[in-house]
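Among the features that Swiss-Prot reports, S-adenosyl-L-methionine binding site is placed at GLY113, ILE133, GLY134, ASP135, PHE136, VAL137, LEU138.
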Amino acid sequence: MKIDVLTLFPEMFQSPFEESIFKRATDNNLVRLEIYNFRDFAHDKHHAVDDSPYGGGAGMLLKPEPLFEAVEDVLREDPTPAPIILLSPQGRSFNQEVARELAKHERLIIICGHYEGFDERVREHLATDEISIGDFVLTGGELAAMVVIDAVSRLIPGVLGSGESSQDDSHSNGLLEHPHYTRPPVFRGWGIPDVLLSGNHAQINRWRRKESLRRTLKRRPDMFEKIPLSKTDRKLVDEILAEENAQG
């Protein structure tokens, strides 16, 4: 996958993507990240990319010309089709389902906002998608872009090195992940569930599924309501509810 990012702060993307899993992905040509400073497409002597809003009001808006020219230049350089994603608090909510959707594309173009927002013509006539990572305010779209890039890249075959890794992540199947334990088996008097030491993989898988259901039910009931439960899942949920009731 190729990911083109348009930003006013290209330096912000250097360190996070030169480490760990993403670096291995780029070294293995699984992901290619290209960063563009759209200030380079502002042609006045001050290279201004923002201006005050018509009608008055606080803050400055990003002008349409530099962004349109930047995207057009990127597409001239490589005409591979791509969704043009605007990162904005007005966009659709980003989640694992959206990450899976984006991971199917051969290429993404991501626009990072700044200041008070965009001239509306960017939203209406340039962007093909608009995404928000949450109901809070950030200084710019760069951190949001990093979140999207990281979540999407993990889903590209070969990036994690194991097909099971991304499938087992929290949210990947609609459930929060089950608890994990490693050595030592007892730490400061705290042990681990006996089933994990049993060697019985069927029982271990059952325990993991049950604890995934339990954790999602308790911590994210909004997610739990959307999960299609099998007969086995329903039986496990009945056990969970009985155990919770017994504990008071």
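Backbone N, Cα and C atoms are what each Cβ position is placed from, and that goes for glycine too.
The Cβ of ILE133 (S-adenosyl-L-methionine binding site) has LEU87, PHE94, ALA144, VAL147, VAL148 as same-chain neighbours under 8 Å, each 6 or more residues away in sequence. Cβ proximity to the S-adenosyl-L-methionine site centre (mean Cβ of GLY113, ILE133, GLY134, ASP135, PHE136, VAL137, LEU138, cutoff 8 Å) flags the following additional same-chain residues: PRO89, SER132, ALA144. Residue pairs drawn from GLY113, ILE133, GLY134, ASP135, PHE136, VAL137, LEU138, the listed S-adenosyl-L-methionine binders, are separated by up to 16 Å at the Cα level. Looking only at the binding-site residues VAL137, LEU138, the densest Cβ neighbourhood within 10 Å occurs at LEU138. Comparing local CB density within 10 A for the binding-site residues GLY113, ASP135, the maximum falls on GLY113.
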